[in-house]
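Annotated features in TrEMBL:
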| type | residues | note |
| --- | --- | --- |
| TRANSMEM | 73-96 | transmembrane segment |
| TRANSMEM | 138-166 | transmembrane segment |
| TRANSMEM | 172-196 | transmembrane segment |
| TRANSMEM | 208-233 | transmembrane segment |
| TRANSMEM | 239-264 | transmembrane segment |
| TRANSMEM | 299-320 | transmembrane segment |
| TRANSMEM | 332-358 | transmembrane segment |
Amino acid sequence: MYYDDLPLWGFLGKIEGVKTDSGKDKYFLFKHIHFNILYNDDRVIEINVQTDPNINLDISEDRKLDVEFLYSIHWFSIVNSCVTVLLLTGFLATILMRVLKNDFVKYSLIEESLEDQEDSGWKYIHGDVFRFPKNKSLFSVIIGSGTQLLVLTMFIFLLALVGVFYPYNRGALYTALVVIYALTSGIAGYTASSFYMQLKGTNWVRNLLLTGCLFCGPLFLTFFFLNTVAITYSATAALPFGTILVILLIWALVTSPLLILCGVTGKNSKIEFQAPCSTNKYPREIPELAWYRGTIPQMAMAGFLPFSAIYVQVELYYIFARVWGHNIYTIYSMLFIVFIILIIGTAFITVALTYFQLAAKDHGWWWR
């Protein structure tokens, strides 16, 4: 097909090797076509087409068939996903508000004995909820590194939305990732050190070193292995020695000093941990919980809703085609919308699961 004198092509159908009663292959015609049109002002600069293999028609039999073809553009799936997430979050918020309202009414109006109070509700573990988590140094480091990566993502989206990463500006995205990560390293240092001191931590030097290595360490080892393999096979994907040296200099002269400087600032910030209630001297015993309240099932539940929200509108297809295929990803505005949907869905499901965990008198919520 042609659109604005630009050619586009795709598969018409597929052949399955399952033999029919007549001994022939089965033939399927794709009925749904997805158009992706890229334009600059009033000019179309690129157009792609994909077909949905799940929406097809069996044309193996030699007979006349009426076929209704369907098509869509990318915005339809985005709007569909947004509406789905809004409905889910609204539904979840309504349930939580109703449940919490009933809980407050019960706790304020019903007079119960001490024995009964010990047996039910989240209110009776208030003395243990703000007990500091185990491995608080690692916990603070993860908070700091996660904050930095979130800020990094927002900066990358900002540059993408203003048109820095146009389709054939090769290497711009990777350069921006390296530079912005180096410049935002202070965010990780400040956040991790400040939070670690709020949790009454003492070994802030080790905490700062761990902050600098938690993300960079595995990333460097993975890169070193892949680059070595690429050099061994004389692949063009291998980075030259000069580029590697520049990256190491950026890490030594920009990333590390910013990390240390902001880490020391966070240590000296003197911010106190503000808990709304005092913590008991001895921790309350956590009752035996059902299997689905364990960490692994809860992780699966927490990830399912946000993932399904962004997977429904097939944005992951284009990302995978960019990473493992030959396509060039250019739909950053839509990807930003999907990113916001992901954050909203993650936040709401986290609030809900934390409430259910506290309602079961499990006060070890920090790491979840």
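The backbone N, Cα and C atoms fix where each Cβ goes, glycine too.
Since the structure is predicted, the reported quantities are computational estimates derived from the model, not experimental observations.
Among the listed stretches 138-166, 172-196, 208-233, 332-358, the one sharing the most Cβ pairs under 8 Å with the transmembrane segment (239-264) is 172-196.
Within the chain, the transmembrane segment (208-233) has long-range Cβ neighbours (under 8 A, six or more residues past its boundaries) at 137-138, 141-142, 144-145, 148-149, 185, 188-189, 192-193, 239, 244, 251, 255-256, 259-260, 263.
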